[in-house]
Amino acid sequence: MNNPISDQSRRIVVLGTGGTIAGSSAKAGANVGYTAGTVPVTALLEGFSAPDGFELHVEQVAQIDSKDMDFTTWRSLHERCQYWLAQDDVAALIITHGTDTIEETSFFLHSTLNATKPVVMTCAMRPATSTNPDGPQNLRDAITVASSPDATGVVIVCASEIHGAKEISKTHPYRLNAFNSGDAGPIGYVEEGRVRLVRQWPQEAHVSTAISLPAADNWPRVDIVLSHAGTRGEIVNALIREHQENHTDAAAGIILGATGNGSLHQSLEQAGLAARDAGIEVLVATRCIAGHIIPSLSEKLPISVDLSPVKARIALLLKLISKDHK
Ligand code: SIN
């Protein structure tokens with residue numbers, strides 16, 4: 001799918017949301033123990049020039065540590081993306097974001113935007129005040145991807161790799177190349193200012209991009225409960241009780257984080273079945289970081305074949321929102 005960039009559609013809009021890329025530390029050069037989301041996105045881009053034929057336009061949408069990502073921020077980020085993508089002179093978006101939940105925000109945007117232009121998310125593992133920050137190179141690589149003529153869809157650029165929103169997970173707490181896309185691998189690489197693609201740019205998501213997102217307070221609650229050695233059903237049973245007692249913020253959905261090929265501890269499976277019978281939407285997703293669940297047709301609960309628990313949660317959240325707001 002070609003990105004229709006005309007002569008006048010040449011702005012690359014950079015939306016800042018915080019993260020380590022915008023982090024700073026009082027301790028000169030420190031790479032840990034800093035505060036994420038303190039340096040304005042305009043400052044991150046100081047000294048950067050746009051590629052020939054493009055202009056950079058910068059907007060601060062949020063300034064947070066992405067561990068604290070919330071529905072209010074997602075909703076305003078979604079609104080700003082929709083706004084800018086609709087402008088004829090905008091060729092691409094870049095979003096600076098923390099690494100901790102970039103896999104969630106990217107999947108949320110992939111699922112809700114009609115991203116026929118590139119939406120390039122980038123981040124850093126070291127704060128802006130580090131002696132050797134990785135953010136500036138990642139930003140440069142993101143600009144390369146954003147200005148690449150065929151690029152499309154929501155992608156994540158970090159440590160010279162380009163990942164798809166559906167496949168990416170953060171798999172390392174410290175290394176600069178902290179991300180992995182499992183069996184799929186990266187979409188491509190950025191090498192000396194050039195994109196080398198090894199598979200297709202992301203296809204548009206099948207989730208309704210016409211979704212209308214309600215005010216953040218009205219998003220349904222979807223919780224994740226992991227299956228593990230010695231699991232007991234109590235957490236799910238507590239969610240069922242809240243649901244039956246009509247608590248205002250009772251969970252409308254539960255993701256069961258399964259072991260291996262979708263298997264659940266028997267006590268969690270029993271609780272999951274009871275939750276489903278009580279009217280809570282239950283979905284099973286594997287804890288394994290690579291591969292898909294291969295359905296056996298003997299599953300008692302619905303499964304998400306190819307999403308991690310955190311992404312299955314977003315898929316269920318959006319399904320519940322669409323159901324409530326038809
Ligand atoms: C964050 O996710 O905002 C902090 C951690 C990071 O960006 O690496």
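Each residue, glycine too, has its Cβ placed from N, Cα and C.
TrEMBL entries are annotated by machine, without manual review.
What TrEMBL records for 11-200 is domain 'L-asparaginase N-terminal'.
The number of other CB atoms found within 10 A of the CB of Thr20 (active site, O-isoaspartyl threonine intermediate), across every protein chain shown, is 28. The feature active site, O-isoaspartyl threonine intermediate is assigned by TrEMBL to Thr20.
Look at TrEMBL and you will find Thr20 (among others) tagged as active site. DSSP classifies Thr20 (active site, O-isoaspartyl threonine intermediate) as helix under the three-state reduction.
There are 23 other CB atoms within 10 A of the CB of Thr99 (substrate binding site), with all protein chains counted. The substrate binding site annotation in TrEMBL covers Ser66, Thr99, Asp100.
DSSP assigns Thr99 (substrate binding site) to coil in the three-state reduction, outside any helix or strand. The active site annotation in TrEMBL covers Thr99 (among others).
Taking H, G and I as helix, E and B as strand and the rest as coil, DSSP gives the domain 'Asparaginase/glutaminase C-terminal' (221-321) the counts 36 helix, 23 strand, 42 coil. Under the heading domain 'Asparaginase/glutaminase C-terminal', TrEMBL lists 221-321.
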Original post:
Per the record, substrate is bound by Ser66, Thr99, Asp100: how many Å separate the farthest pair of Cα atoms?
Top reply: 7
Subject >> Thr20 (active site, O-isoaspartyl threonine intermediate) versus Ser66 (substrate binding site) - Cα distance in angstrom >> reply: 9
Original post:
Mean pLDDT for the domain 'Asparaginase/glutaminase C-terminal' (221-321), as a whole number?
Top reply: 97
**OP:** Measure from the CA atom of Asp100 (substrate binding site) to the CA atom of Thr20 (active site, O-isoaspartyl threonine intermediate) and give the result in Å, rounded to a whole number.
**Re:** 9
